[in-house]
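This report refers to the structure that appears directly beneath it.
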Amino acid sequence: MNDTPNDIQKPKQGKRFSERLPHWLRQALPKGSVFDFTDKTIKRTGMATVCEEALCPNRTRCWSRKTATYLALGDACSRRCGFCNIDFTKKPLPPDPDEPRKIAESAKILQLKHIVLTMVARDDLEDGGASCLVRIIDTLHKELPESTVEMLASDFQGNVDALHTLLDSGLTIYNHNVETVERLTPVVRHKATYRRSLFMLEQAALYLPDLKIKSGIMVGLGEQESEVKQTLKDLADHGVRIVTIGQYLRPSRLHIPVKSYVTPETFDYYRRVGESLGLFVYAGPFVRSSFNADIVLQDMENKQSKMAKT
């Protein structure tokens, strides 16, 4: 995947890393009554969100439009990935049996039409937590039957039975992030492998061919352009149809350092490369796998509808 279609122009290189953010990574942080309502709802129901635990830079923007991404199976992870701010523990607490009710209650109060769930990795559980996730999703389908559900799942350590258990729950979107290019995977997420992630994505596509399958990567970690293009090709070849690409921003000095700030023009370039492979790509400096997930789904469905009419 080293060749680039002639009609896709390459952008200028982005800035090398410094502590000072470039202008395209500075944003106003809107807060107001809607943000406060979302914040109070989440605190009242006692649910963890990846927005808070991962120090997501989009939290105020998302909560100001009454959306949030719920973090299932606790707020402490059995893995310690170099990019992630979620707490690590060698002995996670047992799953909360009341979690399905809490998430459903919060989603009903916020009137979510598209509910996004993610999870901490639970390598301590035999099925990686898949059966617990199904109970959450079943409750959401029961309490909010008109809402769609998107699940950003772990790799379940390659357990295909656990994957099938999750997929049988009636998801609208199954999401599993490869996070970075193959060369950097051992550094960025040392307990996962690039090929295992591709395998799980492909298994999902084979099991439910009509399911919308999504993955995402971060850039600015030291990857080469050719590696990003190869990753997009790998994702397309393994059944993925939606890809998110965003700038890596380290949560603290204890995390993997940023190697470069990727320009908006480069994100647009990667979007066009992905589209040339048949992917629906949502790319930009602040894009995260769950950012504007409802809008991404709607945009993809609108695009598919237009294509079907032509």
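Even glycines carry a Cβ here, placed using N, Cα and C.
Quick look at what Swiss-Prot annotates:
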BINDING   CYS51, CYS56, CYS62, SER290  [4Fe-4S] cluster 1 binding site
DOMAIN    63-280  domain 'Radical SAM core'
BINDING   CYS77, CYS81, CYS84  [4Fe-4S] cluster 2 binding site
- line: By Cα geometry, the one of the binding-site residues (CYS77, CYS81, CYS84) nearest CYS56 ([4Fe-4S] cluster 1 binding site) is CYS84
Query: CB neighbours of SER290 ([4Fe-4S] cluster 1 binding site) within 10 A?
result: 27
Query: Which one of these binding-site residues has the most other Cβ atoms within 10 Å of its own Cβ: CYS51, CYS62, CYS81?
result: CYS51
- prompt: Within 10 Å of the Cβ of CYS77 ([4Fe-4S] cluster 2 binding site), how many other Cβ atoms can be counted across all chains shown?
  reply: 23
For SER290 ([4Fe-4S] cluster 1 binding site), the one of CYS77, CYS81, CYS84 that lies nearest, given that the binding-site residues are compared by Cα: CYS84
Between CYS51 ([4Fe-4S] cluster 1 binding site) and CYS77 ([4Fe-4S] cluster 2 binding site): CA-CA distance (Å): 15
Task: Taking the recorded [4Fe-4S] cluster 2 site as CYS77, CYS81, CYS84, identify the other residues of that chain whose CB atom sits within 8 Å of the mean position of the site's CB atoms, giving them in sequence order.
output: ARG79, ARG80, PHE83, ASN85, ILE86, PHE88, VAL120, ALA121, ARG189
- request: Provide the three-state secondary structure of SER290 ([4Fe-4S] cluster 1 binding site) computed with DSSP.
  value: coil
- prompt: For CYS84 ([4Fe-4S] cluster 2 binding site), what is the tally of other C-beta atoms lying within 10 angstroms of its C-beta?
  reply: 22
Message: At a 10 Å cut-off from the C-beta of CYS56 ([4Fe-4S] cluster 1 binding site), count the other C-beta atoms across all protein chains.
response: 22
Query: How big is the gap, in Å, between the Cα of CYS81 ([4Fe-4S] cluster 2 binding site) and that of CYS62 ([4Fe-4S] cluster 1 binding site), rounded to a whole number?
result: 24
